[in-house]
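Structure first, then comments.
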Amino acid sequence: MAGESFPFTSSTLRALRLQREWLDWEDRRRAAAQQCRRHRDLPCPQAQLLRPRRSCRDPAVHNALFSGDLQQLQILFQDEDAANMIVETVSNQLAWSAEQGFWVLTPKTKQTAPLTIAVARGYTDCARHLILQGAELDARIGGRAALHEACAQAHPDCVRLLLTFGAKANVSSEEGMTPLHLCTSPESLQCAKLLLEAGASVNVASQESEVTPLHVAAARGLEQHVALYLQNGADVALRTSQGETALNAACAGAEGPGSSRQHEAAARQLLEAGADPQAAGRKRHTPLHNACANGCGGLAELLLRHGASPGVTNGAGHTPMDCALQAVQDAPNWEPEVLFAALLDYGAQPVHPEMLKHCANFPRALEVLLNAYPCVPSCDPWVEAVLPELWQEHEAFYSSALSMENQPRQLQHLARLAVRAQLGSHCRQAAAQLPLPPLLRDYLLLGVEGRIQ
């Protein structure tokens, strides 16, 4: 019996070999983990897990992470392997089914990391525990690192924690965005300051769109962010893949007069920092085109004061005045006459009579445009578009316009046009300096009177 051996099957021998290899690997992993902990404060780009992360769909783990239950987290996450697991969530989302011909609920799996969940919800103590257990600071499970989510959700305490433990301030997401790109709300200002103090690059561009943090802040009207980036060396001349500057982004992001105050403040800072008001993108759309298309009179006047040209055309052949006329119907709760008067005062040519139909139901704006002609042109292009109730409310103006169709205007009006022609694009600035009575100055600048004289 002593010379005999127990008969092992081939599958048993293979299982024993795999188990021996697993034990050897586990010994190497533990040794590497101990060495990593000893050098945690030193930059170590090779400090990655040696084997694939395990996935977790355990509801208990999900509840602890998403609710910020620190006591439960301390029980569930006691080693590096647990701290670096992949957390999977499944949610039903509407997706179009070409085969069935209608929208159906389709399960979609999302992956993220425990540390990312904690910092995205502002659970600083939970995040600290995960980091102390060995959670990778710059892991991009699901496309973003923890620092991206902390900035996107504006949690400065979590941002400070991550940076203190060595998170990279310029870590890039799968979309090529840095954490500074994701400081997109007023509340994220402190996050942006912390990133810059940690060495974040203010001029880094995303991979595909090539937007910089300055583009993002300007587009959202974040005037304090814009000021911060400019103080830290942001370049106002950098362009996106579409050729847009930060000033273009600020003017394009001002969606209507109601949101233009913040964007106007951001644009003012950019102009004072040397931004070119004439810089056009690939479609030859200038900042002034964008401001006029959004109906932002104050923003347009700011650009005009800094040298924007009201006569330049974009790729479609439209001037800023054309863009403003097309925006009248899209933004009814504004005063288009202010924008039209500013464009005319800075040298814009009178619009083609066919374009007057766009502001037929805005009598004050229509009056400004009609007073830019030596005589009132044919009213046929716009008279049919006037709403009956509006005609009744402003009958005095509409009747006066019809009565003056192709008729000689007063000598006073012709003199006004002659003075305006002489002053050219400096009409508004010159009128402010001339010693004129207020009523005469308003008349020179096409002030609204309520009727065509």
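In case you wondered, yes, glycine gets a Cβ from its N, Cα and C as well.
The domain 'SOCS box' feature in Swiss-Prot is assigned to 397-453. Feature annotation from Swiss-Prot assigns repeat 'ANK 2' to 110-139. What Swiss-Prot lists as repeat 'ANK 3' is 142-171. Annotation source Swiss-Prot lists repeat 'ANK 4' at 175-204. What Swiss-Prot lists as repeat 'ANK 5' is 209-238. What Swiss-Prot lists as repeat 'ANK 6' is 242-279.
If you take every residue in the repeat 'ANK 2' (110-139) and average the pLDDT, you get 96.
DSSP places the residues of the repeat 'ANK 2' (110-139) in helix, strand and coil in these numbers: 16 helix, 3 strand, 11 coil. For the domain 'SOCS box' (397-453), residue counts in helix, strand and coil come to 37 helix, 1 strand, 19 coil, using DSSP. Residues of the repeat 'ANK 6' (242-279) grouped by DSSP class, helix first, strand second and coil last, total 24 helix, 0 strand, 14 coil. Look at the repeat 'ANK 5' (209-238): DSSP puts its residues at 16 helix, 0 strand, 14 coil.
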